[in-house]
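The feature S-adenosyl-L-methionine binding site is assigned by Swiss-Prot to His281, Gly316, Asp334, Asp346, Met347, Cys363. Residues or ranges marked as compositional bias 'Polar residues' in Swiss-Prot: 143-153, 161-176. For 183-200, the entry in Swiss-Prot reads compositional bias 'Basic residues'. The phosphoserine annotation in Swiss-Prot covers Ser62, Ser64, Ser104, Ser171, Ser176, Ser223. The region 'Disordered' annotation in Swiss-Prot covers 1-39, 52-231.
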Amino acid sequence: MFEEPEWAEAAPVAAGLGPVISRPPPAASSQNKGSKRRQLLATLRALEAASLSQHPPSLCISDSEEEEEERKKKCPKKASFASASAEVGKKGKKKCQKQGPPCSDSEEEVERKKKCHKQALVGSDSAEDEKRKRKCQKHAPINSAQHLDNVDQTGPKAWKGSTTNDPPKQSPGSTSPKPPHTLSRKQWRNRQKNKRRCKNKFQPPQVPDQAPAEAPTEKTEVSPVPRTDSHEARAGALRARMAQRLDGARFRYLNEQLYSGPSSAAQRLFQEDPEAFLLYHRGFQSQVKKWPLQPVDRIARDLRQRPASLVVADFGCGDCRLASSIRNPVHCFDLASLDPRVTVCDMAQVPLEDESVDVAVFCLSLMGTNIRDFLEEANRVLKPGGLLKVAEVSSRFEDVRTFLRAVTKLGFKIVSKDLTNSHFFLFDFQKTGPPLVGPKAQLSGLQLQPCLYKRR
């Protein structure tokens, strides 16, 4: 045997770098060639055994129970704080899957790796690097063939391989999987509301007269909505609405004719078209019905406090409501007849004798341009001291005093007046005698404003 100090010192380095390729020195002679080869082989085997005992390869890592316990102590479990739904789905997974990817190396680890790299170039790796390699080998999904190649490499190649095997750092702009977002109470209500809207959007509209149908069961079949009925109902509603608008337009036209012309022209209009008076009366009643107090009811209340023997003449009676409300005998006059008790005539010329009635009533009937003729006719049929009651829309009076002075010139005096109502004024006059002025005298106070209705 011969001493070989150089081989003994270089053995650890060769063990760290990889498999040693033996190159024996050239033999001095052909005779000693076989013996020297055997000696070299024995030396190499001894060196290999020594290197394997000092630096066990990372490939021969056995998942023994002791290593598992050490790994569990060093790498504690990381609790996952996902939502309840995510926790239920992840209960069956392994504990190693619960752990996140290995954290990125810090600056200290990078420096330590550089030092280890230098030590690997010099001769050997530290024990801490071996442990770190074992952990990375267990966690990283690397094939066995690639792992064997990377373990044997040292130097710059080994450093590049370790950097490529490390998990990449997550950039701040990159999106990471997040646990499912839980909805707030307001968002949940909005979502339910949108669902109901989408559900009702495709349901057919129900007819208002019909009750909501019961929900169909699995056995019963859903009958299609009859389109003809809904179409006819809509058409009928449209016709009724158009007819109502047409009636309103005709009422406004008739009302304008009554206030802008004499009573004789209005009488001819209703004689030619009897239905026009019915239409006008229906529109008039719909307007007066909205008032808090109707003037005919107020006049009837006053007359009920007087003797029932007094004879009453109702100029412009309409539907004879005053005659139906009191016990007194009543003469009803109007341009058209809505009741058998009505006498159709021009109110400027009623078929009564002179001084034959005790009370004359004009309830919203001073219409037309010849109001003076109406009041002179009332003076003719009233007894001396008879009562004249006038109720008219308050908006028609520009000046109440001028109206009262004009009426007194026609043979009356004012007894009482009520201007408190917001819709109409009520006056009581008493006959004092015949008119004080001639028929050609002009009385400007009797020119009232026409009561015109606006389009609604």
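Glycine residues also receive a Cβ, built from the backbone N, Cα and C atoms like all the rest.
Between the binding-site residues Asp334, Asp346, the minimum number of other C-beta atoms within 10 Å of a residue's C-beta occurs at Asp346.
Across the binding-site residues listed here (Gly316, Cys363), the residue whose Cβ sits among the most other Cβ atoms within 10 Å is Cys363. DSSP assigns Cys363 (S-adenosyl-L-methionine binding site) to a strand. Look at the compositional bias 'Basic residues' (183-200): DSSP puts its residues at 16 helix, 0 strand, 2 coil. Residues His281, Gly316, Asp334, Asp346, Met347, Cys363, recorded as binding S-adenosyl-L-methionine, reach a greatest CA to CA spacing of 17 Å. One residue stands out among the binding-site residues His281, Met347 for having the most other Cβ atoms within 10 Å of its Cβ: Met347. DSSP assigns Asp334 (S-adenosyl-L-methionine binding site) to a strand segment in the three-state reduction.
According to DSSP, Gly316 (S-adenosyl-L-methionine binding site) sits in a coil region rather than a helix or strand.
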